[in-house]
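*Asks:* Okay, so TrEMBL annotates it like this:
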type	residues	note
BINDING	B:Gly118, B:Val119, B:Val120, B:Gly121, B:Asp122, B:Thr142, B:Thr143, B:Lys155, B:Lys164	NAD(+) binding site
BINDING	B:Glu197, B:His259, B:His277	Zn(2+) binding site
DOMAIN	B:80-191	domain '3-dehydroquinate synthase N-terminal'
DOMAIN	B:194-342	domain '3-dehydroquinate synthase C-terminal'
There are 2 protein chains.
Amino acid sequence: MSDADGQLHSGVSATVPVALGDRSYDIIIGRDIVDSAGAEIARRLPGARIAIVTDATVADLHLTTLIDSLDAAGVKHVQIVIKPGEGSKSFATLESVVDSLLEARMERSDAVLAFGGGVVGDLAGFASGIVLRGIHLIQIPTTLLAQVDSSVGGKTGVNTARGKNLVGVFHQPDLVLADAGILDSLPARIFNAGYAEVAKYGLIRDADFFQWLESNWRAVAAGWPEREKAIAIACKGKADIVSEDEREQGRRALLNLGHTFGHALEAVTGYSDRLLHGEAVSIGVVLAFEFSFKLGLCPLEDRRRVEAHFTEVGLPTRIRDIAGDLPDAATLMHHIAHDKKVSQGKLTFILTNGIGDAFIARDIPGDKVEAFLEEQLAK
Amino acid sequence: MSDADGQLHSGVSATVPVALGDRSYDIIIGRDIVDSAGAEIARRLPGARIAIVTDATVADLHLTTLIDSLDAAGVKHVQIVIKPGEGSKSFATLESVVDSLLEARMERSDAVLAFGGGVVGDLAGFASGIVLRGIHLIQIPTTLLAQVDSSVGGKTGVNTARGKNLVGVFHQPDLVLADAGILDSLPARIFNAGYAEVAKYGLIRDADFFQWLESNWRAVAAGWPEREKAIAIACKGKADIVSEDEREQGRRALLNLGHTFGHALEAVTGYSDRLLHGEAVSIGVVLAFEFSFKLGLCPLEDRRRVEAHFTEVGLPTRIRDIAGDLPDAATLMHHIAHDKKVSQGKLTFILTNGIGDAFIARDIPGDKVEAFLEEQLAK
């Protein structure tokens, strides 16, 4: 919260419930709420021991704050620190984390606390979903991307040589704490990558939210209370869709807006710093709008607004914005066809009738996609 | 089915439904029903491709029959053959099977078919539960143990250096086919080990079934229609408990009758051929009855009947029946305390008031167990 001169106060600003029957949970959003995480955990999981899984970068910056909070609340804990970076989302690191959890004698009533970005959340979430066939999970995401996307909805996983996130489980957390203050320590590029996912919720089915972001994105980036508002709306957008379709039988696929193109771009750039996931989503979303426009579905004006906003924020929006050599259309198609959102051979895409009106198209012909990509690469 | 002179006919003899809401499925029990597996699968999962996971031993004996049946029904399939034995229930084999499934381009609408004993079922079940965050699973168990226990109820997993089955997921199959005829090729020792699990269902809460087994076990062993009846009753016993408590929050723990002692004995004998799982369960069940008797819970007569029946069948019933050096009580206790059925430090045991009347005891003092084990080891 800010007073008249914009100073920030700590505390909870919103609680977003995720309605999933006996797997329901809350996302608590606020500023500096890691400081009170211990009390919240003690209240919700009395007696549980906590295994903090984090990476070395987050540990250096924030682990002391978290541990002090757990200690103050009398919550017992151990810590498992992994190497930062996408490379840790592997079977090998999974086995090592699982082994550490067993070594720490975790019981079914105990909890894993994933403290980090998407890599930590996906890996620790997967480990918590398989150790003793599932123990409790608390997510304290430390990137904007993880706060509005990967920490919510129960998808966990690791990568394999054959692709990203092709192996994992659905395992819902018991609690998500999204601390807007912790994002102050993020590099701008990482923050922006997460912002693409925030804007995505407006583009999927909340045109008013997208319009609000067009006017308020600087306050979101600056960490004013608008940031907490944006996180809360994005989390609610995801929570609503996940509640309707926990296991992605249908509507949940809407969350993949921009992701089919995006995953292919990540694959051809080796999932490297050349292109962050959120940056790939940014380009993918703009491509999805462009493709929808070419198919006569989306007004030109909406496509232009999306590209203009992402450009203003500082996100890449075109394939040519990626540094280094570009892949050809056939290579991109190869990755698209390998993507897991394939049903008995047909390509599924999330297309749009305009801002706030995305939909699932289940039988897009591959040659149309390839022709579109060739055109985009020639630009 | 048999006619007057005991000749056996092929066909389905029973269907046991497992009621789990939208994860409900059938266990189909009969003789030589692998021959018609293809038609059954085509009917239940139309269009699905099948990845058969089996081990080299089962493949040699039965894979042609299964493949002919799939081909006849026009079901597309690939096969993944693993090494026989408990050693394959590892993270390394899991990763390799998952990789093979991805290489085979399995989609969410496709199915893994676990064709083998408990190792294949647990491993392939786990792989099917995590590849693409869960694809369909068909179980065709080829041992008695797997037919009445591991293939039913959705528990999957692998072993780690820290213990057996400490890592896995709950992932229910779409169909279980229990072919009583396929058991004809089992060595007697393997058959008997499974028989201990069959009798367990009578001991847990069906005294009439145990009494029936006392009179009819030879017909069960010989493969007469009594075998199918015994499998069906045992499967129904498990299905009922699993339906009440899918994720082992409560009553499902009853299925662990004999398993706390049994797991410890398996651990100290290195999970080797020295002591098969079902043999460990046999000794464990007798110990549970003995311990319950010592605690004044179970009549002596019931304890005697259990031991007499298992002995008659040819199962080991005493720790001294295990070949080789015996561990001391402290070593056994160490393994018992490490067992996953521990809740915030207290020992949970399945005890019994007599045949057909098992119950969950949640706060058994460790020193009482250790004193009991010392006494048993001294015998």
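For all residues, glycine too, the Cβ spot is worked out from N, Cα and C.
Automatic, uncurated: that is what TrEMBL annotation is.
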*Asks:* Of B:Asp122, B:Thr143, B:Lys164, which binding-site residues come within 10 Å of B:Glu197 (Zn(2+) binding site), going by C-alpha to C-alpha distance?
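*Replies:* So the list is empty; none.
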*Asks:* Quick check: with B:Glu197, B:His259, B:His277 left out, which same-chain residues have Cβ atoms within 8 Å of the centroid of the Zn(2+) site Cβ atoms?
*Replies:* B:Leu145, B:Asp149, B:Ala196, B:Lys200, B:Gly258, B:Gly262, B:Gly278, B:Ala280, B:Val281, B:Gly284
*Asks:* In whole Å, could you give the widest CA to CA gap in the NAD(+) site formed by B:Gly118, B:Val119, B:Val120, B:Gly121, B:Asp122, B:Thr142, B:Thr143, B:Lys155, B:Lys164?
*Replies:* 21
*Asks:* Please report how many Å separate the Cα atom of B:Lys164 (NAD(+) binding site) from that of B:His259 (Zn(2+) binding site), as a whole number.
*Replies:* 12
*Asks:* Using a Cβ cut-off under 8 Å and a sequence separation of 6 or more, which residues in the same chain sit near B:Val120 (NAD(+) binding site)?
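*Replies:* Listed in sequence order: B:Val53, B:Thr54, B:Asp55, B:Val58, B:Ile82, B:Ser88, B:Ala114, B:Thr142, B:Ala146.
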*Asks:* Neighbour count first, Cβ atoms within 10 Å, every protein chain included; then name which of B:Lys164, B:His259, B:His277 tops the list of binding-site residues.
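*Replies:* Answer returned by the neighbour count: B:His277.
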*Asks:* Which residues in the same chain, at least 6 apart in sequence, have a Cβ under 8 Å from the Cβ of B:Gly118 (NAD(+) binding site)?
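*Replies:* The answer is B:Pro141, B:Thr143, B:Leu145, B:Ala146, B:Asp149, B:Ser150, B:His277.
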*Asks:* For B:Asp122 (NAD(+) binding site), what residues in its own chain, 6 or more apart in sequence, show a Cβ-Cβ distance under 8 Å?
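*Replies:* Same-chain residues close to B:Asp122 (NAD(+) binding site) (Cβ under 8 Å, separated by 6 or more) are B:Lys89, B:Ser150, B:Lys155, B:Thr156, B:Gly157, B:Val158, B:Asn165, B:Gly168.
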*Asks:* Looking only at the domain '3-dehydroquinate synthase C-terminal' (B:194-342), what are its DSSP counts of helix, strand and coil residues?
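*Replies:* The composition, in the requested order, is 109 helix, 1 strand, 39 coil.
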*Asks:* CB neighbours of B:Thr143 (NAD(+) binding site) within 10 A?
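*Replies:* The answer is 25 other Cβ atoms.
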*Asks:* Count the other Cβ atoms sitting within 10 Å of the Cβ of B:Glu197 (Zn(2+) binding site), across every protein chain shown.
*Replies:* 27
